[in-house]
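If you check TrEMBL, you get these features:
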| type | residues | note |
| --- | --- | --- |
| SIGNAL | B:1-24 | signal peptide |
| TRANSMEM | B:244-271 | transmembrane segment |
| TRANSMEM | B:299-319 | transmembrane segment |
| TRANSMEM | B:383-400 | transmembrane segment |
| TRANSMEM | B:431-451 | transmembrane segment |
| TRANSMEM | B:463-486 | transmembrane segment |
| TRANSMEM | B:498-516 | transmembrane segment |
Amino acid sequence: MVSSNLNTSKPWLLRPFNERSTQLFLGILFGALALVTILHLAFPEGHALHVSAYTVTLLGKYLCYALLAVAVDLVWGFLGILSLGHGAFFALGGYAMGMYLMRQIGDRGVYGDPVLPDFMVFLNWQELPWFWHGFDMAWFAFIMVLLAPGLLALIFGFLAFRSRVTGVYLSIITQALTFALMLAFFRNEMGFGGNNGLTDFKDILGFDLRSDATRLGLFIATGIALAIGYVVCRGIVLSKLGRVSVACRDAEARTRFIGYRVERVQLFVFVVSAMLAGVAGALYVPQVGIINPSEFSPLFSIEVVVWVALGGRATLYGAVIGALLVNYAKTVFTGIMPDAWLFALGGLFVLVTVLLPKGIAGLLQRRKAPEDSAQAAGQEVTA
Amino acid sequence: MSILRLLTGLLLLLSLSLPAGVYAQSSDSEASALLQALADSSYAQKQQVISDIVSSGDERARTWLEAYADGKLAQTKDTGAFVFVLSNRGRDWTVADALSGDTIGEMSRRNIDRIRINNALRKELEGMLSVIDLTVDDADTRLAAARALKGEVDAALAERIGTLLDTEADDDVHDALTEALAIYQVAQGEVAAVAVLSGSLNPQARVALNNAAQSDNPELAAAAAKALESIQTKLKINSAAETLYFGLSLGSVLVLAAIGLAITFGVMGVINMAHGELIMLGAYTTWGMQQLFPGQPGLALILSIPAGFLVAALAGIAIERTVIQHLKGRPLETLLATFGVSLILQQLVRTVISPLNRSVVTPEWMSGSLMINEALSLTLNRLYVIGFALVVFAGLMLIMRKTRLGLEVRAVTQNRAMARSMGIKATRVDILTFGLGSGVAGLAGVALSQITNVGPNLGQSYIIDSFMVVVFGGVGNLWGTLVAGLSLGTINQILEPWAGAVLAKIVVLVFIILFIQKRPRGLFPQKGRAAEG
């Protein structure tokens, strides 16, 4: 069903490279990565053009958010599912990475226990809980980064899509899902560090997390992950599966009557999106140095949606633009006048949805509407 | 100095030589003598003196002993008069005459000698005081005294209670006294008394029975064990009733928070994520009214019912006009935009009023609790909230079912175009309905201000729960909201004891998520034309 009888010469993953928008996006992304790297390495500290390690990490954080936004756009823009719980997948990926980083601390923790992380010693735990085993191996942790959010999405999606929960209902139960997970992770008994989460990381794959070189490496890795994530999503969108998923978005019942198994398409796309969110979370944690249950908060998940809305739904590159812009604004605002940030964010929610339904990407497209009218029509969004 | 002593002696002589009083109660001289004995005797003797004071039948005995128990009964060093210490701040203490009760004025601290008391004696006194109370005319005082006696009875008291029982006219006091006596008798090994205690919820009675159950007397032990069993059953029923009450209370809060949403989301189909903030506005209105009427929390609370409704309704209409009407037919965008509004409202409250919680006073007639029996008492404020929730629900039901507005609302939701062609002004109906739903949120806020903290995050903590209730109950169905709210509240309270508050909440959330999978349209799905809105 997926791609058995597609009349295309290339495999689905290579098809995006023929697109101008993807070429442009990758060009700009890699250009920016190279520029930041050069500015960071070539100029000495204090030079006007020097990009500090702090800024590099900040940009790396933005890129993680951008990848998360791409994941959300994949389900919202192309599947019509407004997930208000993608923060949960992001955080699960982050926790998987955090557990690996905790195990890497070894006996350098405050309590010096060779096996148990500090918070477990503090809580008088005698041995490692079963779900912490294996996280001392990087490969296992990296698989879990994909598997943990993927499995949750699989189970949740299977239940939800099979019983045809869609639209607002689905949005609200995704929000309930992340809310329930947040409450659960706040509990010390869960074994994930409770309120404080996981922190005090030392190194990753043997590299010191506090060194500038590691930070730069993580930044570049995030950029590459974003590029891969973008290409994968774009590939899915251009494949037959992608077209079916757009069909599900626009007329679910009709697609079902034609004979497609709508719930399978939805499940596949939803799981891929959750895994991408997990990867974003995993890259986020070593850069900010902490993961705690607040990443599960419904506010964060819904904020991600507004990044996508601002950038423009169903474009993918719009999601990246939105994530970068909003987070840059957040950094600036919280620095200058922290009180005003929620006003600005709230206003953004209202203005974007009322006045700018297609986001910034919509503005860009309107200017070159004649040549791309076919594509724009394909991206007509009905909720 | 010696002159002073002489004078005191003379005074004492004088007072002794005065003729005996003609009062029905004991004369002042007798009273002084009793108090003098209390002051002079050793701790061991004091007990006897106290009994003498009690049995003297003097009406003032109670005030003396109360003051003595509080350490306020004193004797002046210069005149030997007995006084109550009214205030012991500073160098000079305010005192009142112990015999007449008149305030004397200030007196040097050095001149006052407090009559000493120890803890054993204080405990003794408490029992004595209740015996005094048992003879007063007021039945409520007698009842309270009789209840306080449970577990405090000793041999001397038992005898007194025995005689009092014969004359006691009030049934409740009689029962309480019998029980108090039975506790003592069971402790003494009387098997017959066990029957009295069977089914009693008093913890002292349980202690007595527990002790008796381990006694050497097999007959007593068996009887006590049986009585304990019946008490256990009764306690279980009571604790179940208490859980149910807490569940209904939490449930009625959920119903209040969700019922407005049932109108805006359920009937109109508008996702209003700012609903929680409208609740918050209602709560802040209560706080504001209390600032306007300081010292009159009851009046302020009553006035805030219409005020909270109006404030929230106007805010809701403003949101409808500025945001929601532009997003008709795009529920997901409505969700995002109203979420933005909720952020703005929260921050507005933080900036304008305060990021900290405000305290809302509970009026007197709402505080305290209603005592059903000795194991079960219901807090009044929650009882009021349950009642309020039901009243609001009934009111909304009436509006939706019996009024022109309700009819029009249902018509517009079922078929907007057709309703308009029948001459219904759809826009006006939209505004009124949304105002109604928002106003009800304000009412919820007024009620919530009485049982939780009023802060900027108040609404946020209810919004997810509210949506869960509406979805669980079945969208567009007010009865469903009522049943869902009450049952979710009860389920939560039942789970709480063995799962903990947080886990109970998680279990309920997961339960709802699974439930929606099974029945996507809720407990009471809409049927017929209303189903596909």
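Keep in mind that glycine also has a Cβ here, set from the backbone N, Cα and C atoms.
Note: TrEMBL annotation is automatic and uncurated.
Values in this document were obtained by computation on a predicted structure and should not be read as measured data.
Among the listed stretches B:299-319, B:383-400, B:463-486, the one sharing the most Cβ pairs under 8 Å with the transmembrane segment (B:498-516) is B:463-486. Within the same chain, the transmembrane segment (B:299-319) stays apart from the transmembrane segment (B:463-486): fewer than three Cβ pairs sit under 8 Å, each pair at least 6 residues apart. Counting only same-chain residues 6+ beyond the ends of the transmembrane segment (B:383-400), those with a CB under 8 A from a CB of the stretch are 248-249, 252-253, 255-256, 259, 263, 267, 366, 370, 406, 409-410, 436, 440, 443-444, 447, 450-451, 478, 482. Here the transmembrane segment (B:431-451) has Cβ contacts under 8 Å with residues 253, 256-257, 259-264, 267-268, 270, 272, 275, 278-287, 301, 304-305, 308-317, 319-321, 324, 360, 362, 366, 381-382, 384-385, 388-389, 392, 396, 399, 405, 409, 458-459, 462 of the same chain, all six or more residues outside its ends.
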